[in-house]
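Let me begin by presenting the structure, written as structure tokens, before commenting on it.
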Amino acid sequence: MRCQHCKKQAILKSPRLCEDHFVEYFERKIGKFLEKYKIKNKKLLVAISGGKDSVVVSYVLSKLKEKFNLQIEYFFIRLGIPTFTEKSEEIATRVTESINYPLTIYDLKKEEGFTIMDVKYKPCSYCGMIRRYILNKYAFENDFDYVVLGHNLDDEVFFIFNNMFNKNITQLQRTGPLTQTIKEKKLVGRIKPLYFLTEEEILLYAKLKNLPHIGCACPNSLESTQKKFKKDIKFSRDQKLNIVYSILEMKKYLPEEKVELKFCEKCGYPTTSDTCKFCRTKEKILSTL
Ligand code: FES
Ligand code: ZN
Ligand code: ZN
């Protein structure tokens with residue numbers, strides 16, 4: 001199998017590219033993302049967890065930062081999962097050191113008084129909400145334009161199907177490569193530069209660039225629906241892209257999520273009830289300690 005641009009051996013079937021052309025294609029795709037969504041002269045908070053996606057996005061953004069005049073801060077949340085957190089932090093530190101950037105570490109226990117292991121029932125299902133809250137708060141308080149997330153094409157396809165399986169049609173409005181910052185609502189926008197890249201492509205790029213990353217998923221998530229979905233349902237790269245493009249197009253016709261945002265009476269951040277989910281969860285956890 002030959003590369004579609006030169007005579008060299010292709011290392012990937014779709015797109016059919018050799019090593020050099022693949023690296024060029026991969027970085028160009030992220031560059032195009034930044035161009036398309038006008039991520040220029042911006043201050044970005046990059047959430048690095050040590051997983052392949054966040055490591056790859058951290059690395060590529062550091063290469064593109066001059067071209068797009070980006071001001072970047074790398075941010076790691078120390079969740080307190082035995083062994084896993086230490087390993088992830090070591091990787092995040094190694095990666096940021098190699099690209100010459102300081103790493104901000106947010107220690108959940110020190111800052112909020114609990115670790116994710118103190119969530120007794122299904123910690124993973126609270127973890128996403130807790131991380132989103134912390135990232136948004138830190139980004140808002142420190143004037144960031146966007147939080148950068150490492151979500152990839154496979155994650156988005158799962159998100160779409162999972163919501164359809166559960167008939168959560170309005171939730172589909174939440175998919176997309178970017179959300180805008182709404183300062184008056186204390187919401188910082190989020191961008192997903194790997195939105196149009198598959199897990200296979202990301203893993204390959206990490207391998208070619210020798211980027212360290214934590215090979216296993218969070219130990220608390222062993223039986224996750226997402227893992228099962230990714231294992232059982234196989235789509236080609238083109239099919240995944242078409243699913244995502246179709247939903248992005250269909251979003252225009254989907255009902256808007258009707259939520260009225262107010263500010264949490266405890267922390268002052270946006271919520272749909274009087275106290276936000278983070279404050280309610282935190283209070284509940286602290287009462288059990
Ligand atoms: Fe954070 Fe599992 S506890 S992803
Ligand atoms: Zn080639
Ligand atoms: Zn709150």
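Using N, Cα and C of the backbone, Cβ positions are placed for all residues, glycine too.
In the three-state DSSP scheme, H21 (Zn(2+) 1 binding site) is classed as helix. The Zn(2+) 1 binding site feature in TrEMBL is assigned to C3, C6, C18, H21.
Per TrEMBL, the feature domain 'tRNA(Ile)-lysidine/2-thiocytidine synthase N-terminal' maps to 43-213. Computed over the domain 'tRNA(Ile)-lysidine/2-thiocytidine synthase N-terminal' (43-213), the whole-number mean pLDDT of the model equals 94.
For A47, I48, S49, D53, I77, G150, D155, the entry in TrEMBL reads ATP binding site. According to DSSP, I77 (ATP binding site) is assigned to a strand segment.
DSSP assigns C279 (Zn(2+) 2 binding site) to a helical segment in the three-state reduction. The Cβ of C279 (Zn(2+) 2 binding site) lies under 8 Å from the Cβ of C264, K266, C267, each on the same chain and at least six residues away in sequence. Among the features that TrEMBL reports, Zn(2+) 2 binding site is placed at C264, C267, C276, C279.
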H21 (Zn(2+) 1 binding site) versus binding-site residues A47, I48, S49, D53, C276 - nearest by Cα:
D53
